[in-house]
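Chemist: Swiss-Prot lists 4, 36, 118, 134, 151, 182 with the feature SUMO2 cross-link. Annotation source Swiss-Prot lists compositional bias 'Basic and acidic residues' at 21-34. Taken from Swiss-Prot, the feature phosphothreonine covers 124, and the record attributes it to similarity to another entry. Look at Swiss-Prot and you will find 134 tagged as N6-acetyllysine. Sequence annotations record features per position, and here Swiss-Prot assigns compositional bias 'Gly residues' to 214-225, 347-379. Taken from Swiss-Prot, the feature phosphotyrosine applies to 361, 365, 374, supported by similarity to another entry.
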């Protein structure tokens, strides 16, 4: 005889979830990268178990790891947790602030390898740039689309000052940086029937900061390592300026150090007459994404600051330079096969960092070292 639950009590859905998520315990339609959080500012006393004990309150964890120095086994001050579905990640982020072992920590959505090479990828911002919108797209179209991600503060559809014609891009500001992080993980969005590209909107000062950090990264020419601009080619973006051009993101008017918008090229000339988003060293500046810079968290330099590193966590150690992965390797499935068993990265072979310093991630995900940027010589 089947025993039915009391009225009003939700029935368990574990069987349905298991079927939906498959044998590995997660939804096969949701990539691991979207289910993963970087946890910064950890106490050096925090262990895998205590980190798991805290974050499993918001869902099922398929992986949880505190990164440690492979020699000393001391915590590096950060870790990763991976949930079984994106809904659980959202729940954990909605529950901020988080305190683990008596210390307030900083969770952020993990940045993929491909996105990590972009200037400002690790900056905390509340504004996005929406490019490639068409003449028939109005403010309400943008609001209808983006309000499902979070609370919108302002929307600016940019127009030409003289003609009043739309310039093919807009800015949307939210009340929470996590909303931006969640949106930019999905690079392309269909708005009012048109494919649009969405990026973090960086001010002129933030662009210059990102450019100066890249300049310290070494390597020859931009993020790819062996020359070649980030953009390349010369296709038009939006209605006018070159998106890639020969100066990378700077476009025709930007030259090899083209700016984010700066005048003639860039995002459709976006920034124009001395606006905040014009000028600066640009997306195609030289060098890797490394060097000093502003802090990502609360224990030192930036993502490549000071002694390098993911916030300079663990007193100057960096995300690769102090042996993030030590001698261990990542395989094509993002499984870490070194001294700490986990599966938190979308890596493709090679040592995660070696023992190099001078740039974050120790010369790149796929490199064994070197002083290049995030993927300097093997991208």
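Just so it is clear, glycine is given a Cβ too, placed from its N, Cα and C backbone atoms.
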Chemist: To the nearest whole angstrom, what is the C-alpha distance linking residue 151 (SUMO2 cross-link) and residue 134 (SUMO2 cross-link)?
Modeler: 24
Chemist: Nearest to residue 182 (SUMO2 cross-link) by Cα, among 36, 118, 134 (recorded sites)?
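Modeler: If we rank 36, 118, 134 by Cα distance to residue 182 (SUMO2 cross-link), first place goes to 36.
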Chemist: Have a look at the recorded positions 36, 124, 134 and say which one has the shortest Cα distance to residue 118 (SUMO2 cross-link).
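Modeler: Considering only the listed recorded positions, the nearest one is 124.
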Chemist: Do you know offhand how many angstrom separate residue 36 (SUMO2 cross-link) and residue 124 (phosphothreonine) by C-alpha?
Modeler: 17
Chemist: Check the DSSP secondary structure of residue 36 (SUMO2 cross-link), expressed as helix, strand or coil.
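Modeler: SS state of residue 36 (SUMO2 cross-link) = strand.
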Chemist: Where does residue 182 (SUMO2 cross-link) sit by DSSP, helix, strand or coil?
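Modeler: Note: residue 182 (SUMO2 cross-link) is helical by DSSP.
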Chemist: Across all the protein chains here, work out how many other Cβ atoms are within 10 Å of the Cβ of the residue listed as 'phosphothreonine'.
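Modeler: Summing over all protein chains shown, the residue listed as 'phosphothreonine' has 15 other Cβ atoms within 10 Å.
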Chemist: Which site among 36, 118, 151, 182 has the most other CB atoms no more than 10 Å from its CB, taking these as recorded sites?
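Modeler: The residue with the densest Cβ neighbourhood is 36.
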Chemist: Long-range neighbours only, meaning 6 or more apart in sequence with Cβ under 8 Å: which ones does residue 134 (SUMO2 cross-link) have?
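Modeler: Result: 168, 192, 194.
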